[in-house]
Amino acid sequence: MSVKIPRSVYADMFGPTTGDRVRLADTDLIIEVEKDFTIYGEEVKFGGGKVIRDGMGQSQVTNAQGAADTVITNALIVDHWGIVKADVALKDGYIAAIGKAGNPDIQPGVTIIIGPGTDIIAGEGKILTAGGFDSHIHFICPQQIEHALMSGVTSMLGGGTGPSHGTFATTCTPGPWHLGRMIQSFDAFPVNLGLAGKGNASQPAALKEMIEAGACALKLHEDWGTTPAAIDNCLTVADDYDVQVMIHSDTLNESGFVEDTIKAFKGRTIHAFHTEGAGGGHAPDIIKVAGLPNVLPSSTNPTRPFTKNTIDEHLDMLMVCHHLDPSIAEDLAFAESRIRKETIAAEDILHDLGALSMMSSDSQAMGRLGEVIIRTWQTADKMKKQRGSLPQDSARNDNFRVKRYIAKYTINPAIAHGVARLIGSIEQGKLADLVLWSPAFFGVKPDLIIKGGSIVAAPMGDPNASIPTPQPVHYQPMFAAYGRSLFASSVVFTSQAAVAEGLAKKLGIQKSLYGVENTRSGISKKSMIHNDATPNIEVDPETYEVRADGELLTCAPAEVLPMAQRYFMY
């Protein structure tokens, strides 16, 4: 016997279903459920008097016979490929299925089997996303990693050796010895980690040495001299080893202008960091490269989004990060040349057009690594408020805009850096790196962070309390962050050459190495999901005004942002 219930009652019980709409945090962004994989009247839910009990929603199937290790029930998945309601099965640390969970002995349409060996995470009324991937990390201190994890970031790629002056300014780990020590330290951290070697060299030998020693990418940084010769050499070596190259080009235009840098690319694929230019790069027109078919452009979050405070905070930030002296006129001029309100405003719009493909932090080196996700959605909200709905969206929802923006910190950096087969989206066969959110706290404070199928971090109340929720509630590492579980649930990104050389055994590390792949000619701007636009971008050298296909890109700075102070009162 079936009974009809109001949508509101159903949503309270099982979460939203097809056609229901959900607001993301306190933004103006509204998503609508496109499809519900569960079956009305056959939903599974855990708890006293609920469905997932022996002989009801729980079968007798063993894990060896195919029952899931964990099922996240009735979750609202938000990913680049869709916004859908489903049960999600995790098995052996990977995403095993997305569909309808239950007991196939008594329930129809079951594609995920719940057995006695299955644990349940209640996803009713929650949003499930892939773990974030921050591909612009200055590894200045190890404490960064926990802060990033608690924000919903489960993978980090960058460079450094700790609080050295080279690391303060540049995202690269120079030389085999430093690479080895850093990779050995990665056994302590429950996230996926990768290192970029220093790419600034005009001859290949030193770069090859670093790739074989475990670098999964090479970084060209102007503070080490990003000359056309270094660019060409670095890309040539990267092509030979199938690793990505990231570039921070020549702000001072000493060794050439943006046209010379583009010429040195020779059409080869490259990841352009902080493409707007406030983080560094040819002044004032590095932003032009965002329109090239071979450039994978990203932003760092200090300029995201453009607000009334953005310009003021940047100058001091830049002086500290790049070891500049405010008493030296040339240093001050260098800093001031990088901070331009016109290009920062254009950056907002280029993100909304899908011309800027990725978001990252620039951790402690002008960026805040715990705010990659927050600032992505603040940018999306600002653009909706200022530009209205995208042409691809209906009046009812912002689904396409949401898919465009979530791709910027999940699947697109994974594609750019050759790890999309492992991470970056909620798809069958990928590592179960997942984040569960309450809609009201979406993008700001996660409910649960899952790493390699295990709960790695969560907000937790007083451990001495009689229930888990009494204050004070703090984000804490969970069991997957300790012991050998840590090694089993995360990997180190390296080159395939390092894997073939047996680097893990040489360094005596416990984590598995994952060799990056398909980072060169196999990908281009067209590979950037929902963010593959290649407009012709022009910058006026006198006024710094930016035009895309002839249209002036300008917008007002935000006076107030969502996902901000009201979430951090305590």
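Cβ coordinates are placed from backbone N, Cα and C, and glycine is handled just like the others.
Predicted, not measured: the structure shown is a model, and the values here were computed from it.
The following features are taken from Swiss-Prot:
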- 131-570: domain 'Urease' (DOMAIN)
- His136, His138, Lys219, Asp362: Ni(2+) 1 binding site (BINDING)
- Lys219: N6-carboxylysine (MOD_RES)
- Lys219, His248, His274: Ni(2+) 2 binding site (BINDING)
- His221: substrate binding site (BINDING)
- His322: active site, proton donor (ACT_SITE)
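The structure, with features from Swiss-Prot marked on it.
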| residue | record | Cβ neighbours (10 Å) |
| --- | --- | --- |
| His136 | Ni(2+) 1 binding site | 32 |
| His138 | Ni(2+) 1 binding site | 26 |
| Lys219 | Ni(2+) 1 binding site | 30 |
| His221 | substrate binding site | 24 |
| His248 | Ni(2+) 2 binding site | 25 |
| His274 | Ni(2+) 2 binding site | 26 |
| Asp362 | Ni(2+) 1 binding site | 30 |
Cα-to-Cα gap, His248 (Ni(2+) 2 binding site) vs Asp362 (Ni(2+) 1 binding site), nearest whole Å: 12
Alpha-carbon spacing, His138 (Ni(2+) 1 binding site) to His274 (Ni(2+) 2 binding site), which is rounded to whole Å: 14
Inter-residue C-alpha distance, His136 (Ni(2+) 1 binding site) and the residue listed as 'substrate binding site' (nearest angstrom): 12
Shell list (Ni(2+) 1; ref centroid = CB of His136, His138, Lys219, Asp362; cutoff 8 A): Ile137, Gly158, Gly159, Thr170, Thr171, Met246, His248, Phe273, Thr300, Ser360, Ser361, Ser363, Ala365, Gly367
Assigned element (helix, strand, coil) containing His136 (Ni(2+) 1 binding site), judged by DSSP: strand
Remaining residues near the recorded Ni(2+) 2 site, that is with C-beta within 8 Å of the centroid of the site residues Lys219, His248, His274: His136, Thr170, Thr171, Leu220, His221, Met246, Ile247, Ser249, Ala272, Phe273, Gly279, Gly280, Gly281
Distance check against His274 (Ni(2+) 2 binding site) for the binding-site residues Lys219, His221, Asp362, keeping those with Cα within 10 Å: Asp362
DSSP state at His221 (substrate binding site), helix/strand/coil: strand
Between Asp362 (Ni(2+) 1 binding site) and the residue listed as 'substrate binding site', the C-alpha gap once rounded to whole angstrom: 13
Local confidence of the domain 'Urease' (131-570) - pLDDT mean: 96
Asp362 (Ni(2+) 1 binding site) - helix vs strand vs coil (DSSP): coil
Mapped DSSP class for His248 (Ni(2+) 2 binding site), helix or strand or coil: strand
